[in-house]
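Undergrad: Supplied in structure tokens, the structure appears directly below.
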Amino acid sequence: MDWKSKSTRLTNPRKKANAFCVPTFLFTLPIFFKGWRKELTEADVYEPLSGHRARLLGEQLEQLWREEVEKCKKPKATPTLRNPLIRAFWFEGFVNGLILMVLEVIVKPLQCVLIGRLITVVSSVDNVGKQELYMYGVGVACCSLISSSLIHPYMLASHNLGLKLRIACISLVYRKILRLKLSAFEGMSSGKILTLVTNDSNRFYEIPLLMHYTWVAVLQIAVVGWFLYEEFGISSLIGVFFIISFVGLYFLLGTISKRLRSKILKKTDERVRVTKEIIYGIQVIKMYKWEGYFSNLVSECRRLEIRFTRISSYVKGMCASFQLFVQRTSVFATILAFVLLGNDITAAKAFQLVSFYAILRAPIVCFLPKAIHVIMESVIPLGRLSEFLRCDEIQNDSPAPSDGSGDAIILRNVFVQKASANLLSDMSATIGRNRLVVIVGPVGCGKTNLAHAILNEMSLSSGSLTVSGSVSYASQEPWIFTSSVRQNIIFDNTMDKERYDNVVKACALSRDLKLFPHHDQTIVGEHGASLSGGQKARIGLARAVYRNADIYILDDPLSAVDSRVGKSIFDNCFKSLLKDKTVLLITHQVQYLKAAGHIIVLNNGTVTAQGRFSDLVSQNVDFDKILCNGEGEMLAECEINPLRTRTARTESLVSKPVDVSNTTNEQATTGVITSSVYKTYFSAGSHWSTLCFMIALFVIAQVLASGSDYFIAYWVNMKQVQTSSISMPIDIFIYIYTTLILGVIVFGVAAMVTLHNLCMQSSTSLHNAMFTSVLGSPLKFFHLNHSGRILNRFSKDLQTVDEELPLMMHETALLGLVTSGALVLMATVNYLSLIPASIAIVMLYYLRKFYLATSRNLKRLEATTRSPVLGYVNATIQGLSTIRAFNAQQVVLNEFNYHQDLNSSASYMFISTSRAFGYWTDLSCNMYGISAIFLILIIGGECLRCI
């Protein structure tokens, strides 16, 4: 948290791009050239687009959520986040769906029809005029260009919408955190909240891209089925039915994936929660050498998590494997039925059949399974987010303005209940203005609960509580955030040098600041990890005192300092600097009671005595006995929560902070990803022999798949040339092709299982190695790296390794082998076709090199700018009561929006450059295909084999 001025960033070129640069992605060239010349840094990240501003999206979704809550009050329905999301972004999604429908239902089928007509007329070129040939050729070329001009803008618009969904959900979660009751955190782990930000909100990112395939695929099947019926009659229905049967299987696998997602999230919440607690208590863990115990604890959480993740990975891998054989089996089933019905298959018909099933391959085999999985899995995160948003909030009752007269705080018969137990019971007290009021009592008697009730952090079950004037607060556990000591003291207030110096002196911080490396500009780590317990307590006290308020609530600020420093603070701060203020001092130290203007004695949540010290003594109130009664409870609390108590004692041993001035900036790695990274990843999962075995399985599966493609052509040619003297029984063709398809299925599934199992083993090993390395790091590592940065590795980054990386590697392997298989088939048909193909490959290689120079940096920047977002959520949860006491919700929200905008801008830069690369790649391939088509038209039909 740092409120210093932010540097001005460059305007995103997308804002000024014209109508030509937007669809051709030329607006991305400036960032490409910059990434080619140098390593990109955070300073190169553009200003976010206006539509990506976290403030605007958060306000919009928050308003719609409030309307949803109000609407559900009347029928007593349960509000869900689904409806506000639909209302906020339905129009953008609707437009994207229309674009996809035009592409998949109109353009692609039309292109297949034109290709079929072109092949038909090429074979009879003597009987057809050149004009008709060129008309079909131009039609095919136009369809290719239109496809590229629609699919990539569609994908960019869909990713853009997914990014908005993610930004809006994260912003809404953070806004809810600022309004949550403290009691809500008792039934919810901080690990769950972090998972809401890192994983659950990110689940909506892919929905806009994939959701339209659930209905566009149906329309496409209908249109393609109609064209196939026109060409192949009733036999085409067999292949279409075969594809539809797989759609049902996708839904079944999607249901399984949904159930697994719920179990995975629960285990992830638990693991992240334990990891976070270990980070916060690392000093005590190292002091008592508990590393082994906590390492085993996290390993057990990870083992349960990876068990469900492994099954989910197999389910997704199975869907990805379908693309190896679904299209091929459908083609074979259609041709087989067509021939068995007594029809003759020609090369033109076979090519057109393969083309029609090819356009069904991407929507039905690739995108539809993903869409079903993503939609099914998003139900669980949507429910978790809705449940979180329905948690109780504090009442927005601001303290009445002070007019300088009357009592500061009045409690009348106050009851505060929790789970049928009274935290405060029939409490009545009147606290006059400009008095030092000391609140004492044994541990657990309700002192902190009383402070929270005055701060409006607890709802009253009955009674009334009136607070007149502004309030400042120093919490029992000092809240220190990652910034300079000065920023921790002034917080959201403006700098007043005279008051600042007086506060520093009164809180006994002057000598400490002189010892700090950069005095009050020294950066302190998160939770004040580089400070002693006394220094943290005094900085927290100084923050409360620096604020000019009417009432100061100070929750046990003297317990972490020695008697000499405590007396100095009491005399110079409470009795002098705040002499004209109302001060509520919670303490266990009897020596200060005589100087108090009023004393309130609590026990079991109620007021047992109150008045001046002399009055209470005359009433025979034994303060020593009251405070000593708390020692047993104090000991019990230490035994229940040893980590927290011993941490405070350990920190008090530190006197001089470590210089952590670099803690706020995470350095992104630079350069190319070396082969050692991949070697480390795979070697972490298994022996090299397993990797070779997996590669062999993939190669065999692709050889069989390419063999089945070649066998279709061979079969068609044999049907055309066979005579009465040269014939081959159709049963042999059926047996051979069936064997090839079964081989593809067996080896494809075996390769999938081997790959995903290897990835799960690698993920498990890497997590354990990373955790062991972090746990074994010296304390300086935790001083220099805030918890958000560390938790980012164990949450979002690990989720990418667990779930996204195996699927990406699987699809990359399939695409690479398909490309290799296509090149082999081209060489088999006509080796001269490799010449233009080689030229295209060289062009694509340099285009890829140009792209990767920038995309790697942008992906790293996206990851490094995400860490401050998580760190900010952590810091806010820890200091929530202080933030609200200072009425600083809007200030911290603005700072959070800044960090989220920075991350969103880096994300959009990566998305837009990725789509630009895809568009330019497709354009290059289209140019190659169009050139081949017109070469055929110019030279003649003999060149048809060169396509």
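Each residue, glycine too, has its Cβ placed from N, Cα and C.
Remember, TrEMBL labels are computer predictions, not curated facts.
Source: prediction; values computed, not measured.
In case it helps, TrEMBL gives these features for our protein:
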| type | residues | note |
| --- | --- | --- |
| TRANSMEM | 88-107 | transmembrane segment |
| DOMAIN | 97-364 | domain 'ABC transmembrane type-1' |
| TRANSMEM | 133-155 | transmembrane segment |
| TRANSMEM | 209-228 | transmembrane segment |
| TRANSMEM | 234-253 | transmembrane segment |
| DOMAIN | 409-629 | domain 'ABC transporter' |
| TRANSMEM | 688-712 | transmembrane segment |
| DOMAIN | 693-947 | domain 'ABC transmembrane type-1' |
| TRANSMEM | 732-755 | transmembrane segment |
| TRANSMEM | 814-847 | transmembrane segment |
| TRANSMEM | 927-944 | transmembrane segment |
Undergrad: Which residues of the chain, 6 or more past the ends of the transmembrane segment (234-253), have a CB below 8 A from one of its CBs?
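TA: That would be 217, 221, 224-225, 228, 315, 318-319, 322, 326, 329-331, 333-334, 337-338, 340-341, 343, 357, 360, 364-365, 368-369, 372-373.
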Undergrad: Against which stretches of its own chain does the transmembrane segment (209-228) lie, if we need a Cβ under 8 Å and a gap of at least six residues from its ends?
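TA: Non-local partners: 93, 96-97, 100-101, 104-105, 108-109, 112-113, 155, 158-159, 162, 236-237, 239-240, 243-244, 247, 334, 353, 356-357, 359-360, 363-364, 367-368, 370-372, 374-375.
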Undergrad: Apart from its near flanks, which chain residues at least 6 from the ends of the transmembrane segment (814-847) lie with a Cβ under 8 angstroms of it?
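TA: Distal contacts: 320, 323-324, 698-699, 701-703, 705-706, 709-710, 917, 920-921, 924-925, 928, 931-932, 945-947.
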Undergrad: Sort out the residues at least 6 away from either end of the transmembrane segment (732-755), same chain, that have Cβ-Cβ distances under 8 Å to it, and list them.
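TA: Hits for the transmembrane segment (732-755): 314, 317-318, 320-321, 324-325, 328-329, 332, 336, 690, 693-694, 697-698, 700-701, 704-705, 707-708, 711-712, 715, 718, 806, 809-810, 813.
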